[in-house]
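Q: Structure provided below as structure tokens; questions to follow.
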Amino acid sequence: NTNITEFILHGLTQDRTVAKVCFLLFLLFYTTIIFGNLLIIITIRTNEQLNSPMYFFLSYLSFVDISYSTVSAPKLIHDLLMEEKTISFVGCMTQLFWTHFFGCSEAFLLMVMAYDRCIAICKPLHYTSIMSQRVCSSLVAASGLGGFVHSLVQILLVLQLPFCGPNNRIDHYFCDTHPLLALACTDTYTISVTMGIFTGVTSLGCFAVLVVSYAVILASLRTHSLKGRLRALYTCTSHITVVVLFFGPCIFVYMRPSTTFPADKVVSVFYTIITPMLNPFIYTLRNQEVKNCLKTLWSRTVKR
């Protein structure tokens with residue numbers, strides 16, 4: 001029942017001058033995302049000092065950030081200089097799938113990282129045995145599986161909808177569920193409620209685990225020395241900052257009825273581009289071990 005073969009994206013802005021400025025800005029942002037996160041991955045994988053589970057998860061977070069931003073950022077950058085911003089139906093569905101796959105995988109991975117910090121602070125003597133290499137690999141795989149199941153449900157629900165036109169204009173800079181539901185030529189109430197419940201349960205489940213993990217951490221810090229408390233809080237602050245930057249915009253966009261707001265496009269920029277760009281800085285500038293390993297890597301590169 002779908003007659004539409006391609007969609008027209010409204011993009012981030014219709015102003016040509018603003019679009020040119022955004023082109024240079026987002027090109028810089030995307031370049032920073034690629035090189036910043038690749039540097040984190042290379043640094044962690046080439047230094048034996050960074051072989052703890054925390055850095056194992058951080059390297060995968062950097063990989064997910066690169067993949068997540070790559071799904072939408074190159075298309076956004078390209079379209080900022082185009083008069084007609086089009087995407088094929090198949091391309092739109094593909095972008096929708098991978099956006100939700102990597103986005104949900106990152107949410108689960110942040111939850112896993114909170115659990116890791118909870119074990120490290122609350123049970124330091126058993127940390128190595130609990131967070132073994134096998135357990136860490138299983139948790140990463142489970143994050144990917146959770147992202148796949150979430151994304152599969154979203155794409156199957158959207159593919160049930162008929163897009164019979166003539167309206168094929170998506171009021172966004174990438175294909176997402178809410179703008180697509182607005183184009184369907186049928187009643188989308190049931191599918192909208194199903195998506196909302198599924199996304200809500202997933203988001204609230206991740207958020208609940210995060211809250212419980214940090215509540216347990218704060219409760220356990222009462223038995224630590226002042227130096228131990230400060231060190232634990234310093235380590236957790238980076239992760240909490242990333243959680244707020246990622247979950248805040250996501251909750252605003254997805255945990256509400258299927259309606260589109262003008263602010264959605266700007267808010268979406270935060271979790272698709274800004275957060276992946278800031279993650280390397282947040283984790284390196286507040287982590288002395290990573291900074292020392294980066295200096296060592298730079299010294300080796302200069303010598304070679």
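Each Cβ is built from the backbone N, Cα and C atoms, and glycine gets one as well.
Bear in mind that TrEMBL entries carry predicted annotations, made automatically and left uncurated.
These came from TrEMBL, pasted as-is:
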type	residues	note
TRANSMEM	18-42	transmembrane segment
DOMAIN	36-283	domain 'G-protein coupled receptors family 1 profile'
TRANSMEM	97-115	transmembrane segment
TRANSMEM	135-159	transmembrane segment
TRANSMEM	197-221	transmembrane segment
TRANSMEM	233-254	transmembrane segment
TRANSMEM	266-285	transmembrane segment
Q: I'm a bit unsure how to read this: which one of 197-221, 233-254, 266-285 has the highest number of Cβ pairs shorter than 8 Å with the transmembrane segment (18-42)?
A: 266-285
Q: Over the domain 'G-protein coupled receptors family 1 profile' (36-283), what is the model's average pLDDT?
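A: Overall, the domain 'G-protein coupled receptors family 1 profile' (36-283) comes to a mean pLDDT of 85.
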